[in-house]
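Okay, so here's the structure we're looking at.
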């Protein structure tokens, strides 16, 4: 079973509000559809997709002052952020369906929540049922209800870590705008097995942007029992075929 | 805590595909908004809404041959049925938000599933968190993944029974197109405490239409520990204020 995240910055133009990067999304959808068509063995355990918010989620969340820790009790604000993410999700689903991928939506707001300490609760029986029936569930960064804070943001990266653990994923991939985690000379770091080794490049782990920064991604992935890969769009097909492009975190 | 269902036939014109009954929906939204504004005590435990599919869900489900027992493995069909229900849900949310009700969506496909025997699994932690934060969660009849059958229909009535049990609802109301369960002379039956007493009017319980028939509703509600009311749109305000309009099932 593979959990694959398509970065929000990959599939949207992050500097313009609610603007799809159609070309990149189609390249990603092509890679996924081709692998599902040609390499059935590589994906026989199923594929779960997660996409980030990019200029759909971040723009609307920041407009309402909502983050992973700052919430809102205004249903109108919730619907605006959630609605923007559903619009982006629909773009992703459509591109996949057009290519014969049996993609179906799983909206985190409808199923997940956080307790007062921020711990994420994400039911996954529905995702397992979808996988067993041959569907490709597509989740996304979203708002979710949090005890004491109304609704806060859940990032795609957080969902990837949670899904990988709950579903005991065999492989985890993060498709990013960069070809991997880069060192001081912008060369791809081949392998990361502890955070201290990359702290000088990525910065202290406590200061990470939990909804998108590379430090947050690396920290989250280091917690997992299986290896994860961070790679660019050009590495996606290779990852889906079973190779390890970009940076391997283990 | 109150679980209230708005019947699909109440808020849509059931004989015309995807046609909202805007007038009835607005009357229902008015009753809900007024009670939330004026009778805070009556609703202080929170309100969960469920709406049926009406001409949005049933039309699309029947087009694809999907029912509570017959499923589909075609993601395109799933998205068409699910998408129509989301459109109807958005109409309901908008009418409520316009009146100051903090309504938020919970799409069953994103959270629920069925096992091979058809038993429904519906997580409710997210609904409890929403209630605790002052939101009014709005669920709806939908398709959900089912082991061995792809995706099958889950009816609003089924969700009401499941939610009422899981959330230990204090009161349960079904707002229908009729003023209650009717006897042979079309008079409202005041109280039903066992199915045998109404079998002559409603027909044998095995032959019931699980996605909407009155027999199915009565059977489902008889299973619950607390009393439930079935009433028409004119009884909605009275129900929300704490009275027992229409037929009481206990």
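Each Cβ is built from the backbone N, Cα and C atoms, and glycine gets one as well.
Any TrEMBL annotation is an automated prediction that lacks curation.
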Can you find which of B:45, B:46, B:54, B:173 TrEMBL lists as binding ATP at the same site as B:5, B:6, B:7, B:8, B:9, B:213, B:217?
B:54
Please pick, from B:148, B:150, B:156, the residue that TrEMBL records in the substrate site together with B:53, B:58.
B:156
Under 8 Å Cβ-Cβ to anything in chain A: which of these recorded positions pass, B:6, B:8, B:14, B:53, B:54, B:213?
none
Which ones, of the binding-site residues B:6, B:53, B:58, B:156, B:213, B:217, have a Cα no more than 10 Å from the Cα of residue B:14 (site 'Transition state stabilizer')?
B:53, B:58
With DSSP assignments reduced to helix, strand and coil, which class does residue B:14 (site 'Transition state stabilizer') get?
coil
Across the record's ATP-binding residues B:5, B:6, B:7, B:8, B:9, B:54, B:213, B:217, the largest CA-CA distance in angstrom?
15
Including all protein chains shown, what's the count of other C-beta atoms within 10 A of the C-beta of residue B:213 (ATP binding site)?
16
Under a three-state reduction of DSSP output, how is residue B:53 (substrate binding site) classified: helix, strand, or coil?
coil
Residue B:6 (ATP binding site): secondary structure state under DSSP, collapsed to three categories:
strand
